[in-house]
2 protein chains.
Amino acid sequence: MHALEQKILTEGIVLSDQVLKVDAFLNHQIDPKLMQQIGVEFAQRFKAAGISKIVTIEASGIAPAVMAGLELDVPVIFARKYQSLTLKDDLYRSKVFSFTKQTESTIAISKKHIAADDHVLIIDDFLANGHAALALVDLIQQAGATVCGIGIVIEKSFQSGRQLLDEKGFHVESLARVKSLTEGQVTFVREESN
Amino acid sequence: MHALEQKILTEGIVLSDQVLKVDAFLNHQIDPKLMQQIGVEFAQRFKAAGISKIVTIEASGIAPAVMAGLELDVPVIFARKYQSLTLKDDLYRSKVFSFTKQTESTIAISKKHIAADDHVLIIDDFLANGHAALALVDLIQQAGATVCGIGIVIEKSFQSGRQLLDEKGFHVESLARVKSLTEGQVTFVREESN
């Protein structure tokens, strides 16, 4: 997705050859118009999949997921990273290890908001090792629901997540595929479909 | 806002005479079309204020804030509740006590994303005692920026927050004003402007 790649090139900050900081438009400050374009793009790529619900993780997944939900006209659920007082229902839980933060956390969604007949699109801001995506897959499969696809805003293609998800047979669509962050430069995977 | 009040009446759950659970469309599952209507309504109410930036708190403030940002064509910043590895910049910090969770946490925004000449609209999902809103005001004022207004999705008018913010002279707009949650029933404050 050209507009997203341009935004990464102009406003992304390469912190190391592993870490790309996009706090200027996605992870802290959010560019609403870019999120809308991202939502339209996800909807375009997954509209044939019969999606009934979108699942993401707080907090940075929410903006792109809600914009995709608006386009696809389906509800969005964000998995919570902790159990709040008002989230007491029976929960599906899964553990996820954050590459960025080097911590393990438990994510959860309420059983009442996902059903066995749901066809779910997972959306997340980053794909690195795939741990977050697989934890979301786990939550959805606990409900007996179907994972129809995984939409990623920024994929770090030099880490193992994409290959892992491909090998498991998931339909993955990443709007920007970062090939490398070496020497402070962002380079992208070039595909015919881009 | 009629559509929001109707949603609260049909899908909100009164957990006690203090706690209204809206996990079906705002705090866990999100209704994207309702969020869009909320964004349009906030933009309508604050469009004359010369807003240059919206500030909210993760996670439930993000969806309504991004929709308002889309309408007002301004960036959105969400204050983070913890310091992540990629959020290392100089930060403005403030403490906030959560009524719902009965815990104190530190929220922070990066100094680089807010400037002294910013005219800021604060958006949050709930207004109870006003602690979260005042912590956001504190962050914005640390930057020397101007708080132009505070937009709340659901105000619990029987708690002290609204009066506190009014007394401090802020322009507060709440899209649903809950007068009472007694006996398991939601009743709303009736205003001419509703």
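Just so you know, glycine gets a Cβ as well, placed from its N, Cα and C.
Record features, source TrEMBL:
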{"type": "BINDING", "residues": "A:Leu20, A:Asn27, A:Lys156", "note": "xanthine binding site"}
{"type": "DOMAIN", "residues": "A:51-157", "note": "domain 'Phosphoribosyltransferase'"}
{"type": "BINDING", "residues": "A:Ala128, A:Asn129, A:Gly130, A:His131, A:Ala132", "note": "5-phospho-alpha-D-ribose 1-diphosphate binding site"}
Residues from A:Ala128, A:Asn129, A:His131, A:Ala132 facing chain B - binding-site residues, CB under 8 A: none
Spatial neighbour of A:Lys156 (xanthine binding site) that is closest, considering only the binding-site residues A:Ala128, A:Asn129, A:Gly130, A:His131, A:Ala132 and their CA atoms: A:Ala128
A:Ala128, A:Asn129, A:Gly130, A:His131, A:Ala132 screened against A:Asn27 (xanthine binding site), Cα within 10 Å - retained binding-site residues: none
Secondary structure at A:Ala132 (5-phospho-alpha-D-ribose 1-diphosphate binding site), reduced by DSSP to three states: helix
Cα-to-Cα gap, A:Leu20 (xanthine binding site) vs A:Gly130 (5-phospho-alpha-D-ribose 1-diphosphate binding site), nearest whole Å: 16
DSSP three-state assignment (helix, strand or coil) for A:Lys156 (xanthine binding site): strand
Neighbour-count leader, CB within 10 A, binding-site residues: A:Asn27, A:Asn129: A:Asn27
Among A:His131, A:Lys156, the most crowded of the binding-site residues [Cβ within 10 Å]: A:Lys156
Model confidence over the domain 'Phosphoribosyltransferase' (A:51-157), averaged pLDDT: 92
DSSP three-state assignment for A:Leu20 (xanthine binding site): strand
Per-residue Cβ crowding (10 Å cut-off), top of binding-site residues A:Leu20, A:Ala128, A:Ala132: A:Ala132
Max pairwise CA distance, angstrom, over record-listed xanthine binders A:Leu20, A:Asn27, A:Lys156: 15
